[in-house]
């Protein structure tokens, strides 16, 4: 019964998402494109945060390098979009392997500081390596050609691009979900609870943490590859440490204990930002208050709180 | 000899917890380490397991020196360990708690399998799909011990398996130890002489980080003077 209701809700949400370009204005097509991309970014982050218990302050490095990779491939090679995304995923995987190799051996605050430090280094490189990255201006002026796989899609059309993003994010989310539900995902959860105890089972905790870190990096890179054509620019801001805070906020806002939490968090974040900034400039102040209230009163996030409330009502 | 601990010295920072502990286990034995609080019982097990690596001395398991190995490698070599705080993984079901630990050895012709355990120990089988956190203290201890079996240990280290458990549960844990000792070598720590003498064949008494006495259970049972001298009344 419970699963049936949940499946029904999920089906309605998916149908609603598919229908966005037909029922809403272009403005909201853009908003929902952003929600989906940032949702994937936050969900990738939650694999290491919510599941494995590692608080990374450098996740934007992978998001940003994904954006730069797609932009560079579009500018210099003019490959189909799908190939660009694969390059983005490969580049972020490589970067995550390097940063992760050096970081996952440390715990808690040391891990957080090290990821922050590496994130800042990546930002500095993008900012200063002008000949490749065009410095603070970022890379712009690229256009999307074909999609790949022989599909004839007009990617320049925001509605079409939205549907492409929706499809890719849905597939990525399913893959992430399967990973989370696998024995591998279960071991990550166990590591969050007590890494030492996992090692008594003969498992090398460091290896598992590194694999989780790289997987999270790959999906963040994919999200980055999707954001570059959407923003029409790959700029250093995407790599900035403040960008690393966004998936943290979104995951907590939506609920770190639930797979879909970060997506809900992304939706809440983007929609609130959109609505609140029409009334006041101080959106960050409002966001701060909301976050403080969430952390103090609703630890489980929007989704967790909603599910708890629903369970109560059903009793 | 399955385990040969030779004169290990272990430190917590500057303070020395073990001042040269030496003990041996033959395969198939069940041995208890007795001693008061702070005598070094837990540290001895942790040193064998590589959690607090000894600064000097040797830990030889199955003919190989294993001191300095990381814990996961020692576990893979066949030493199962149930720490004192006995926490299971909350948020995972009983079955998942076992599954997590069995991941390493899937497909081998293992003596202990998840299904085998759930069938053999009804208490766990009945609660297979229940969140581990909802189990009572005694049930969690059973689960923690069962989980340590999933690595197919040849040597089991149990750190104060009875701590904080009701007498009726202590009896069940004792039965579990008796049952496992049929097939596995066991080294456990305890504060209760009675429990130790009932379930172990031999005992070492630890005081201030050193082995001060070694005896078979029968000898120790008859030796009231030693019991009074080194062990608290429990």
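Heads up, the Cβ atoms here are built off N, Cα and C, so glycines get one too.
These figures come from a predicted structure and were not determined experimentally.
Here TrEMBL flags A:5-24, A:30-49, A:56-74, A:80-102, A:109-129, A:160-180, A:207-228, A:248-272, A:284-307 as transmembrane segment.
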Ask   = Are the transmembrane segment (A:80-102) and the transmembrane segment (A:207-228) close, by which I mean at least 3 Cβ pairs under 8 Å that are 6+ residues apart in sequence?
value = yes
Key: Considering the transmembrane segment (A:207-228), which listed stretch of A:5-24, A:56-74, A:109-129, A:160-180, A:248-272 counts the most C-beta pairs under 8 Å   = A:56-74
Query = Ranking A:5-24, A:30-49, A:56-74, A:160-180, A:248-272 by Cβ pairs under 8 Å to the transmembrane segment (A:109-129), which is first?
reply = A:56-74
Key: Folded-back contacts onto the transmembrane segment (A:56-74), same chain, C-beta under 8 angstroms, at least six residues removed   = 41, 44-45, 48-49, 81, 83-85, 87-92, 95-96, 99, 103, 111-113, 115-120, 122-123, 126, 132-133, 139-140, 142-145, 213, 216-218, 220-225, 227-229, 231, 233-234, 236, 238-241, 243-248
